[in-house]
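The active site feature in Swiss-Prot is assigned to His644, Asp678, Cys743. For 538-800, the entry in Swiss-Prot reads region 'Protease', with the evidence type similarity to another entry.
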Amino acid sequence: MSDSTQMEANAAINEIKKRTRKLDQSLQMRFCADQFFIGNHCTKLASGKSIIISQNSKNRICLRFFMAADPLVGYTGRDFGIAFNQIDHISLKDEQQENPAVLICTLNLSSYTKMCKLQTGLKDVVEKPFLYNKSLARNLTFILKPWNDDPDTFVKISYNDEHREYVHSYDYDVAKSLMFKEVQAVWEQSLKEQLQRRHQTGRVYLTSQLSEMTPREWVQFLADQKLSKIVCHNGSIQYARVEDNPHGRKHTAVATNGFDHRGTRVLNSFGKAHASLATQEKSYAKKRKLTEQSLKLIYRNDRSVWLEGSCAKNLKMPKINSEPNMGEFMGWPDMDNAMTHPTSNFENEDVMKSTKQPNDFVSFEQLQAPPPVLQRQNGAIYSTQSVAFTHISGNDGVEDLTEKISHLGEEAYNIDMANALHAFSDNWHYEIHPNTVHNASFEQLHIGDGNSSIGTIGFNPLEPYPQSSFPQSNNWQQAHGDFTFPQVSFPNTQQGSCLPSTPTAALPPTRPVVEKIPPDTQLFTFPPSGSCTTGMDPVVLLVKDIKTLDRKEFLNDSVMAFMLNYIAFMLSSELMKSVHMCNTFLFVNLTRLLPPLCFSKRRPIEPEHIKIVKDNCPRVLRWTRKFDVLAKDYIIIPINEDLHWLVIAVINPSGAIVDMSNEEASRAAPKCYIVFFDPLSGLDPSKKNHMCHCIKIYLAQLYENTKAPGMKFASKNPTIYDEERVVVTRAENTPIQDNFYDCGLYVLHFIEGLFCYPNRPVNVNDFPNFDWSKFFPEANKMCDLMRDKVYNLILQQADKPARSRLAKFERENKCGLSREGALRKARRHSAVNERRTKRHRDYYARHYSLSPPHRNVMNDDPTFMNPRGLAEMPITRLVRRLRIPEDNFPIAY
């Protein structure tokens, strides 16, 4: 082949590649984002812009999105195009009932750094919530939504052919299939070529860069990213960042050997800047432990004010007179002249409990240093300057001496101790004299070798002590000149450490700050990991959810969802396959924009109302599109409307389907029953008619979209849906609540009673004349104990740290059933006879018992008639026996 022919062939190949590349670049996958998070910072995409996956000009597959202007991260929008080679991992999450679909991209470090450089302020805003794991800030989370009301429009595939653009819409399953089959193959090939260009030899094993996220992994991802789910008024789901907890950082406890329980410890940290003292440590946890233990001021204001009596290990102190007693107060200005300074002995009384007289003050020039045997505590050496007391005589008695110095401990809180403290290393040198005199305007606190400092505010005393020579002057520096500072030495402090200037904190409190448990603290996730949970979404229980189990409180949806999962989890595997537990959002989304009680049969049913329900059906049908719901024997639908819990059980939903190939036998089979359970049972059927009619429309739409001929779960034989075979009923003699706040507990009893009967579950053969009292004769008593039962089940599922957090939260907020039980224990220890064993301190005396009153006396109004009392009235029983049509009765409530 001649050279000219070869050149023509290469030109033709290049032209084909160019056209192919151009055609490939026109192929795009477009997603519509409802929310966009960088880390856990919520921002927005530009108006009208979407998420695009396509090939760039270099024929590399890339992710492209246009970020809108955000005042926190830059006032200008920016178009980002990130090649897949710069992405570590991509996760896809399908819709799970009310939870939307999600696309998560984890950037590698280089692409994240470039993105932060392009967008001013992005790094500071995104990394601020993730001090311990900044890699979480590299997650791009896109909350997806359909392009329109049709749920099958999650992704748009567009391409150009002969200068014409074609656009097709598909559901999320098609988008996921394209990502795993097409995009992943191109992505892996691109990574292999990149490794070959870098001349890396040997076989390369590439791990999967694309994965599907399970519901449990999504719950854990939200917890790691500090995001919380918010249910909007229209039933949609939004996500928001959890507010930063002011008590989130836990202080490192300081050892208290030698302290009694009456002492009060106050720990003050110098701030975040003190972390620079431990920059040589490899672990952040080690840095934090070192800095928190070494840079905290410890104040004592009780009888145990003196530190533990032990000298520095390798430091020989000269003896003065004899071994000092516990009440001996002594000191010296330096090592050479230690014997020339007098000492004073006094009784170590509680100096804070004496009454301080007005105008009492002691000058720091007149204070004597504490004894050396009281210098070391928790590895820190404390020393103060030595100035003799002018108002204390060695001949004074204990009472006189105590009266004279009783103001010292209290007066120490009238100044900022940080202004009078010098910190130096454990092995301080003798040439650094403790009696070094500083000017009164001294504004630095020295650390380590004395060359490093942090800024403080000058000392400003209140008023002079009456017996001292301290002159009364507003300017203490002019009147008194120089004064000395007490000194504090911290061990293991790095030499030459430097801390920035910080303003002096407020006066130290008299008791340590107690860290409270925030209400959003997570307890556990149910069902447990590793269990077979097909069709069961995990539920995260928070501390605030358990508070709804208190007396006279309404159960929230989290506790209800936990119990639904628990009941389903405890069923046998065969029975579980025939049960579908809907979540509490199904009926809310099904009746969105629907007028209240429009199907109550008290007014004509309008076609537009039926159309509203049918339009809402695709939203909830997406949640169960992966399995055949009508093939189940039980469909449990919990409902919360107007702060009231109800439940509807669809028994034998396939009974509404007629097999036309054997119509006679099919119509002779058991029908479909919609059983309505209302613990606030009255004579008015309006709510029952309205809710059950909505469920009938839902079942009809469910058949048309899943079981009709040509659908995904259609039968081989021709079938039709017969609405006449759907019977609305209610069980007889069901328990009725005797208050207006236990409705959720009764609903749990109804759901549990359908499956947990000792002999067998309730089946379709028990209807329509099903008597609940025959199965559960003591149903009312069982419902009254349901609150304690749910609480105990939660404690069983929680581990020990979770139970500890819950108990602490209940003590802080004075709530919880466990607190009520602890208070009732006092009655067990109220025996008349003398005790042989000492009463435990957790048990209170009888007159301190706060047990709640009996249920019969809890009603404020003695004439109050509860729902159960109304249903048990003789006139009510007579009306029910007459079986007068319910539609003729007026509204009872």
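Just so you know, glycine gets a Cβ as well, placed from its N, Cα and C.
These numbers come from a predicted model, not from an experiment.
Feature map: Swiss-Prot annotations on the structure.
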residue	record	DSSP class
His644	active site	strand
Asp678	active site	coil
Cys743	active site	helix
My understanding is the cutoff is Cβ-Cβ under 8 Å with a sequence separation of 6 or more in the same chain; which residues meet that for Cys743 (active site)? Phe554, His644, Trp645, Leu646, Pro679, Leu680, Gln737
Looking only at Cβ atoms, how many others are within 10 Å of the one on His644 (active site)? 17
10 Å Cβ neighbour count around Asp678 (active site)? 25
So what pLDDT does the region 'Protease' (538-800) average out to? 90
